[in-house]
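J.: Okay, these came from Swiss-Prot:
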BINDING   142, 143, 144, 145, 146, 147, 148  GTP binding site
């Protein structure tokens, strides 16, 4: 029986990447823009019910909630050619429509105020599921709504659906460009804090710095637009869910997927790689793809969607905690075995010493309704200790602002920071620093010992933290 997943799209960025994700899923399952099954979609064997359900007239509706505090992006979706795809009861835009002003505290406070309305929508979707497995949250950590309201919803889901798994697709800001959002470091740290570290079971890191680099270097797009980077994100999202929708022998539910990648609860931030990447105008530049070629390329830095400064800093010490390669296409399992052997012989992946040093591989069918130029494609989901440098950069940028006491008045206007109470900032910094320390400790052979001593010290400050994976 399919295990259903409810998707929450929060804020401008969350709704934009969510929209691209649903477009891709419709293509892969032969569903029209109106939600009707196309006449040619007769092959079956896919699980549409994981992400869609059928209305009384048999058209497919995404199990999705579209949530924002300002109307522009959602209005765009509702006026697009996909306007009849969604359940309009699952759309929430704040009455005032003024947004969160790129302020985490505003987004969090407004989330608190509208909790009842949104949780009613979530409860209705959950009640309509036969066997709900969990939730997927799409958001950005840098602005106001996706970070603040997204944080509040993560806490609310943890309270109400503590046994359900929560995975996020979290967009990290472009660190190489000057941001329009001057308080981005505050917002990022507050979101990384308890919310993504404690209230999520798995976080797929979508690093805008790396996405822009890949668009420029790999796809030869000089000035990539948001639409083009969002297209890269939808490719990752659809590929990472392919084993749930086109099930094989393993990793055909979210719990299995997450459990295979996350041996230690807090180190649940995953980086991704995808190959081959093409855009429409490159369709003629087709090369031969093999399992070995795809798996080798997935380990190359240029194909990994996390910033180069995170991957290259102290690179000799950095290690993989786990790797899952999802290979799509007509693949002979013996080729997979030979490819893994070759990668092991060449020592292309440096693993931790305290866990299984192996690349897991899940084979998945390609959608019969989407024609691709390549015979084999692959997505890598990996837990890698170098991700800590991304978090360290967030801390460093936060400290530069905090040292100057810059823009703090914007946050003091809201209850959590009233009366100049900035403990939420201090606690957030401590939690993110402890996360950095834990990833650093993972590089050592005696990490398990560190886990027993240091982790208990770190967590004693907050007795509410439950770090166990939810049971299914």
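Using N, Cα and C of the backbone, Cβ positions are placed for all residues, glycine too.
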J.: Where among the binding-site residues 142, 147 do you find the Cβ with the fewest other Cβ atoms within 10 Å?
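T.: Comparing Cβ neighbours within 10 Å for the binding-site residues 142, 147, 142 has the fewest.
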J.: Write out the long-range same-chain contacts of residue 145 (GTP binding site), meaning residues 6 or more apart in sequence whose Cβ is under 8 Å from its Cβ.
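T.: Long-range Cβ contacts: 10, 11, 12, 14, 67, 68, 69, 70, 99, 100, 107.
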J.: In the same chain, outside 142, 143, 144, 145, 146, 147, 148, whose C-beta lies within 8 angstroms of the Cβ mean position for the GTP site?
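T.: For the GTP site the neighbour list reads 11, 100, 102, 104, 107, 139, 140, 141, 149, 150, 187, 191.
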J.: Which chain-mates of residue 148 (GTP binding site) that are at least 6 residues away have a CB under 8 A from its CB, listed by sequence?
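T.: Result: 100, 103, 104, 105, 106, 107, 108, 109, 110, 111, 187, 190, 191.
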J.: Return the single residue from the binding-site residues list (143, 144, 146) that has the minimum number of other CB atoms within 10 Å.
T.: 144
J.: Please report the three-state DSSP label of residue 142 (GTP binding site).
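T.: DSSP call for residue 142 (GTP binding site): coil, neither helix nor strand.
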